[in-house]
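The block underneath contains the structure these notes are about, expressed in structure tokens.
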Ligand SMILES: Nc1ncnc2c1ncn2[C@@H]1O[C@H](COP(=O)(O)OP(=O)(O)OP(=O)(O)O)[C@@H](O)[C@H]1O
Ligand SMILES: O=P(O)(O)O[C@H]1[C@H](O)[C@H](O)[C@H](OP(=O)(O)O)[C@@H](OP(=O)(O)O)[C@@H]1O
Ligand SMILES: [Mg+2]
């Protein structure tokens, strides 16, 4: 994977072909080498022991873990082998630990972690009311929604957040008769009107980057509307141009709701403390009536689209993690996200984009 210079340490990397095709391998190898690491592209079909010594295991195994947890024997065998290898090599830095990644495989589970976060309410942060449908019995599901304060319109999402294309297949449901399309196991989450603006926060350890994406226009409960099926990829990518994102004329409020960076940092602190991932992303929409910030989704190792110098920040963070684990004081143990070393910058934000499609690099979350 790299020129014939010997590098003392190695990063073993595995990700799906789908993700791998989007990766700029040349740039990643350059960043690894500049930090004194070889980059080894691991093969899950071969024993890791036969693929060279690694010091860091960097992965996005979400699809394989999800398949294993759903009973896929081949995937289960792979995950067992990976976990056995890592337990035989406790000095390998894993980014991120499989048990932490598992937290984000189940939407109901991680929504519950967010909902239970007591600090959010007073900071104007929330996760929309949600409920899980264990069966497709509409009467039972209406009762479950009532008990949990979930109100139409709702977005129906697969409970399992990764592992197949269907994990991103969403359904907007406007009334009780629309619940007939919900296919359990699934969660329903109250829809938050947010003027079709999605804020994606990409996190690498203590650093984050925010970008705006198209989202869904404002919707209201209605007995007349049939469910709307969509996939996230067709509505919320940077280049998406879905009619679902075009605000209705009477919704053109002209008021721009500004993302509050302090709220973003609060969410990052909670994710780092309660979920403990180095590589994560989350989606925020701003309630257009209250201005409160709704965290509607958290992702493992997302795209890091437009994250400036992502690979450099990744390697810095890997080295930071190794340094901290060697000094045996984990970030999560003391519950604080500390300042990090490196090119210390003021705790400010560097506005690196125009105000419309703004992108803001946040450094040093304290
Ligand atoms: N509660 C909600 N209120 C308003 N819009 C929502 C809500 N939940 C989801 N959405 C819209 O649906 C999109 C997809 O939802 P979500 O992010 O949960 O799905 P996902 O497939 O896991 O996304 P990703 O591609 O980020 O993994 C969001 O980007 C947003 O546009
Ligand atoms: O541009 P984003 O970060 O929104 O796209 C992500 C998406 O949010 C999910 O994290 C995808 O992961 P899966 O849920 O596992 O499909 C990412 O796909 P990946 O192939 O990069 O892992 C998207 O990049
Ligand atoms: Mg999302």
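Glycine residues also receive a Cβ, built from the backbone N, Cα and C atoms like all the rest.
Residues or ranges marked as 1D-myo-inositol 1,3,4-trisphosphate binding site by TrEMBL: 19, 60, 168, 200, 299, 303. When Cβ atoms from all protein chains are considered, those within 10 Å of residue 60 (1D-myo-inositol 1,3,4-trisphosphate binding site) total 22, not counting its own.
TrEMBL lists 107, 157, 189-200, 215 with the feature ATP binding site. Within 10 Å of the C-beta atom of residue 200 (1D-myo-inositol 1,3,4-trisphosphate binding site) sit 23 other C-beta atoms, taking all shown protein chains into account. Look at residue 200 (1D-myo-inositol 1,3,4-trisphosphate binding site): DSSP puts it in a strand.
Per TrEMBL, the feature Mg(2+) 1 binding site maps to 283, 297. A 10 Å cutoff on Cβ-Cβ distances gives residue 283 (Mg(2+) 1 binding site) a total of 19 other Cβ atoms nearby, all chains included.
Counting only residues at least six positions away in the same chain, the Cβ atoms of 104, 161, 280, 281, 282, 283 sit under 8 Å from the Cβ of residue 299 (1D-myo-inositol 1,3,4-trisphosphate binding site). Taken from TrEMBL, the feature Mg(2+) 2 binding site applies to 297, 299.
Feature annotation from TrEMBL assigns domain 'ATP-grasp' to 117-327.
With the fewest other Cβ atoms inside 10 Å of its Cβ, the least crowded of the binding-site residues 215, 303 in this structure is 303.
Fewest other C-beta atoms within 10 Å: among the binding-site residues 189, 193, 195, that description fits 193. In the vicinity of ligand 2, defined as a Cβ distance under 6 Å, the following of the binding-site residues 19, 191, 195, 299, 303 are placed: 19, 299, 303. For residue 199 (ATP binding site), the same-chain residues 6+ apart in sequence whose C-beta sits under 8 angstroms from its C-beta are 210, 211, 212, 213, 259, 264, 283, 284, 285, 286. The 10 Å shell around the Cβ of residue 297 (Mg(2+) 1 binding site) contains 23 further Cβ atoms across the protein chains shown.
Checking the binding-site residues 168, 189, 191, 200, 283, 303 for a CB within less than 6 Å of any atom of ligand 1 leaves 168, 189, 191, 283, listed in sequence order.
Taking 60, 168, 193, 283, 297, 303 as the candidate binding-site residues, the subset whose CB lies under 6 angstroms from any atom of ligand 3 consists of 283, 297.
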